[in-house]
Amino acid sequence: MALTRPVRLFSLVTRLLLAPRRGLTVRSPDEPLPVVRIPVALQRQLEQRQSRRRNLPRPVLVRPGPLLVSARRPELNQPARLTLGRWERAPLASQGWKSRRARRDHFSIERAQQEAPAVRKLSSKGSFADLGLEPRVLHALQEAAPEVVQPTTVQSSTIPSLLRGRHVVCAAETGSGKTLSYLLPLLQRLLGQPSLDSLPIPAPRGLVLVPSRELAQQVRAVAQPLGRSLGLLVRDLEGGHGMRRIRLQLSRQPSADVLVATPGALWKALKSRLISLEQLSFLVLDEADTLLDESFLELVDYILEKSHIAEGPADLEDPFNPKAQLVLVGATFPEGVGQLLNKVASPDAVTTITSSKLHCIMPHVKQTFLRLKGADKVAELVHILKHRDRAERTGPSGTVLVFCNSSSTVNWLGYILDDHKIQHLRLQGQMPALMRVGIFQSFQKSSRDILLCTDIASRGLDSTGVELVVNYDFPPTLQDYIHRAGRVGRVGSEVPGTVISFVTHPWDVSLVQKIELAARRRRSLPGLASSVKEPLPQAT
């Protein structure tokens, strides 16, 4: 037994040595054996590094010339001379922003032109006299606003249609001069009509309906100097002070020829029979997209029912049986405008006027988007407010609007700025009416350079002195973004204007991607154009 074990072991070794091995080649006796000088694991690491270097992107050649979109990564820049096709897909700078790894990324939509679209194509020969305005109205305009010399594009299209007695839907970008486009024809029409004092309660002949007290004060401030020169009395009717204040406002004598009112206050006055709309000759819904929202729609419907809207221009000829001419004005319009007009007027009597840049990204305003974590927003805002780069300013120093999505955020952020010794004003809808009075006027007079506010300050308010808009909370809709961004770059602004938006949530990123794609294609923002261009339904 002891001798058999070595024999078996020897036979096993012989089999292993004589058996062919996979992957081995027979070498000649003179061929040297390979020598391993680098460990196999280290050699694999070197090969992986070399493959990574080969796969690195090639350096981007930056071509000279202005940019339309400038991103942190140069390969995502888009030159100003390039426009994407409607169906052409392109890598977006915000493509991966829903990932946490995208934090601190940023891109900007640069200025494509220096002038606002509303004044860029003005003819040197155009004037308000060419639009059909009477000399008395032209003289009043010269006295009230001597800086207004030429009509804007919107005014040149709107004023003649209103003078012909047409109902008008005017949809144009913010800051394009829409207020004067309806005030001047309104006042001229009232000059040619007698005042009927047959009612024991106030009965204005012109009504301008606006969504907020601040906007009512602003429109009244524009209309009063014009009316004073023409012998017409302009007053406002605001809510928030109770019925006693409404009765006091309406009891003032003589009664107003033109009334600028908010829906809530006017609805209360109509319900209490403190005012009549039977002699109305002109009805304007300013910021109509807001007035047709669910929060105001029931009130506006009631006001329209109490107004005698003319079916066409022929109904406006009888001065002793007054009918109202209807005007809807706004920078954006919701769906259903046609259905609303069909309830009160003939579709054939309505003229729709839209500007070429309606619902488009403003080409003369720089817009920057920052992808931030929620906890970093306060530090970034404080840095922006304390270190605004004055070297880039081409004009006088402007003011800053900081938008938040809720009143509580405005208050909380105000305490933070107080801790940093940053002087500011606050404006939000939950403030008592007595506190809100005069806040925006103080901001316009530059008593403070910074205003923290909600969207109450984004609708229609004149802000020609605003240089910077900061969206601390990104707006929930594209309509809100258009209105907020429209606080800068307005007609008559002395500063070019910039918008900075903090992007935090995934739903914010979805809106930013729509904005970026529209800017790269130079097209209007999606989901807005159809609400204005839809045909009016035929009466049944």
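Here, residue 1 is simply the first one shown, and the rest follow in order.
Heads up, the Cβ atoms here are built off N, Cα and C, so glycines get one too.
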Range among 28-31, 72-75, 176-179, 520-523 that Swiss-Prot annotates as motif 'Nuclear localization signal'
520-523
Among the binding-site residues ALA172, GLU173, GLY175, SER176, GLY177, which residue has its Cβ surrounded by the fewest other Cβ atoms within 10 Å?
GLY177
Going along the chain, which residues six or more apart from THR174 (ATP binding site) have their CB under 8 A from its CB?
ALA331, ILE482, HIS483, ALA485, GLY486, ARG487, ARG490
Position of peak Cβ density within 10 Å, selected from the binding-site residues LYS178, THR179:
LYS178
